[in-house]
Amino acid sequence: MVKIAFGSIGDSFSVASIKAYVAEFIATLLFVFAGVGSAIAYNKLTSDAALDPAGLVAVAVAHAFALFVGVSMAANVSGGHLNPAVTLGLAVGGNITILTGLFYWIAQCLGSTVACLLLKFVTNGLSVPTHGVAAGMDAIQGVVMEIIITFALVYTVYATAADPKKGSLGVIAPIAIGFIVGANILAAGPFSGGSMNPARSFGPAVASGDFSQNWIYWAGPLIGGALAGFIYGDVFITAHAPLPTSEDYA
């Protein structure tokens, strides 16, 4: 049974909810600053050479470490989503309301955009790399790739963080989430870029002014996240605690 709840304005603008939005903004900003910053640093060190295996590993590790830290720092305030696809997946499973989830999206996209604009400023106008599918691939292949890897990410979030039966496994949730993102970037980076995160792709698109393929990184991750939320949140988790009231973020 689908557990989606729309929510209310009162809950979405409670003090706890506003704190959650600020936490998502800050954590996403820091994650994207480190992740995109690693790609900019690679381009500078190699004079914009094509990404080689060592560079791919470096970028994947930077994203994995930064996400691990970002999720850890926001987990106790907002749940540590840092990603619209994660938020949607959790909404499909009834862990957050649609209305509050939309404000999470805004906070995440703003955090990513500010991070990329800051990077452009502090690097004296160096190019901010955007996600795009590799030569020889079409957009549909890129969408399917992003669906698969985002499904893996959100499924991991459910298994290690959202499942009420997780027990002590929840302690390692940020590590597991960082690991799956790093692994997926290693697998998908040369093909779709390995985004898994519409906000992560949106910020660079704003900073560079290039939205030509940005839709791929909304469609794929959101579909993958929703599928994972439905399968784990609505099929595997048969009982669900009521959504929190305005005393907590909704």
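Any Cβ shown, glycine's included, is placed from N, Cα and C.
Listed in Swiss-Prot for this protein:
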type: TRANSMEM; residues: 20-42; note: transmembrane segment
type: TRANSMEM; residues: 55-77; note: transmembrane segment
type: TRANSMEM; residues: 97-119; note: transmembrane segment
type: TRANSMEM; residues: 140-162; note: transmembrane segment
type: TRANSMEM; residues: 172-194; note: transmembrane segment
type: TRANSMEM; residues: 215-237; note: transmembrane segment
Taking contact to mean three or more C-beta pairs under 8 angstroms, with sequence separation of 6 or more, is the transmembrane segment (55-77) in contact with the transmembrane segment (20-42)?
yes
Listed stretches 20-42, 97-119, 140-162, 172-194 vs the transmembrane segment (215-237), most Cβ pairs under 8 Å: range 140-162
Establish whether the number of Cβ pairs under 8 Å between the transmembrane segment (97-119) and the transmembrane segment (172-194) reaches at least three, counting only pairs separated by 6 or more residues.
no
